[in-house]
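Down below is the structure, laid out as structure tokens.
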Amino acid sequence: MGSPALRAALLPPLLLLLLLLLLRLPPSRAFPGSGDSPLEDDEVGYSHARYKDTPWCSPIKVKYGDVYCRAPQGGYYKTALGTRCDIRCRKGYELHGSSQLVCQSNKRWSDKVICKQKRCPTLAMPANGGFKCVDGAYFNSRCEYYCSPGYTLKGERTVTCMDNKAWSGRPASCVDMEPPRIKCPSVKERIAEPNKLTVRVSWETPEGRDTADGILTDVILKGLPPGSNFPEGDHKIQYTVYDRAENKGICKFRVKVRVRRCGKLNAPENGYMKCSSDGDNYGATCEFSCIGGYELQGSPARVCQSNLAWSGTEPSCAASTVWPGSSTYHSGGACGCVPDPRRQDRHKDYASSPGSAAQVVAANPTLFLQYGASG
């Protein structure tokens, strides 16, 4: 290139020209956060320090949410211009606002976001009941149903607000499944009065009570009504009540009627017995008589007494003798009887002496019975 003297002479002008060329180069269009960087590897440290000290947008913090950002320059530039951040809310929360934010040139993010706790619809109040909740109707809150007295819960007793903003289980309801209450009187025992076989028995009609709304629709009686005459024996009485839900309540009791009785009497041999009432109950009277040709001995009538013993003595029928001309029986021997005027003409020959009467009876027993029957 010439002599050394020439090179020494040209060096200063060349350096000056090079300096001028460098000064005339256009400035780099790169700017922080743009994604373009003219910096070489040895200048990376300087670039990091510059972006760290001068962020474009404020760091994103979302309560109950998570932020995932992607910067043009890489993961280090999370707030630089052009950075995009995805927002995700945690379980039980929902996003209000855009799900992706961008750091803009005005140093503001493109939207405002918030994660709000999810809320389930307000539960419907069950008829004849209600519910109590912990933490209202928000996610994971629990509500418990209850029913008014007399009603039974049907469905889930406890429900929880889930992540899909729906309640677990079906809404509960309160239904009247409890039967109405009714109380019957205790067993009634009655004793028949003298010479009677029935007893008039009365009681207060039992009142039913519905444990739900207090309304009864029907009251049904099975058996004799109060105030009836009950015969001897056991009698079942049943009351059935119904409420508006067709639940039924039942109560039962017995009416016992007792007739006090003496031992049974029998008619005497060759005789008859006629009794009042049932023949052996307290107060009954039995009268006795004999067939023709027999005379009653003992009590002609007996009464069943309060001590359940018969009055008088046991009767019997003894064979008797009749005088053909007489209207009266006797047991043998002479009798000063008044002759029967109907038979005076026919039997006058036999009315004078006992002997003749005996002969007549012995000879004609049919006549004896005939006289006995007419006498």
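Cβ atoms here come from the backbone N, Cα and C positions, even for glycine.
Curation does not apply to TrEMBL; its annotations are automatic.
Keep in mind that this is a model prediction, so the values were computed, not measured.
Feature annotations, reproduced from TrEMBL:
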DISULFID  Cys147-Cys174  disulfide bond
DISULFID  Cys290-Cys317  disulfide bond
DOMAIN    67-117  domain 'Sushi'
DOMAIN    118-176  domain 'Sushi'
DOMAIN    175-259  domain 'HYR'
DOMAIN    260-319  domain 'Sushi'
SIGNAL    1-30  signal peptide
(request) Can you check how the pLDDT averages out over the domain 'HYR' (175-259)? (result) 88
(request) Provide, as an integer number of angstrom, the distance between the C-alpha atoms of Cys174 (disulfide bond) and Cys317 (disulfide bond). (result) 83
(request) Count the residues of the domain 'HYR' (175-259) that DSSP assigns to helix (H, G, I), to strand (E, B) and to coil, and report the three numbers in that order. (result) 0 helix, 46 strand, 39 coil
(message) Tell me the Cα distance separating Cys147 (disulfide bond) from Cys290 (disulfide bond), rounded to the nearest angstrom.
(response) 82
(request) Measuring CB to CB from Cys317 (disulfide bond), give everything in the same chain under 8 Å that is also at least six residues away in sequence. (result) Pro268, Glu269, Asn270, Gly271, Cys290, Ile291, Tyr294, Glu295, Leu296, Gln297
(request) Write out how many residues of the domain 'Sushi' (260-319) are helix, how many strand and how many coil, based on DSSP. (result) 0 helix, 26 strand, 34 coil
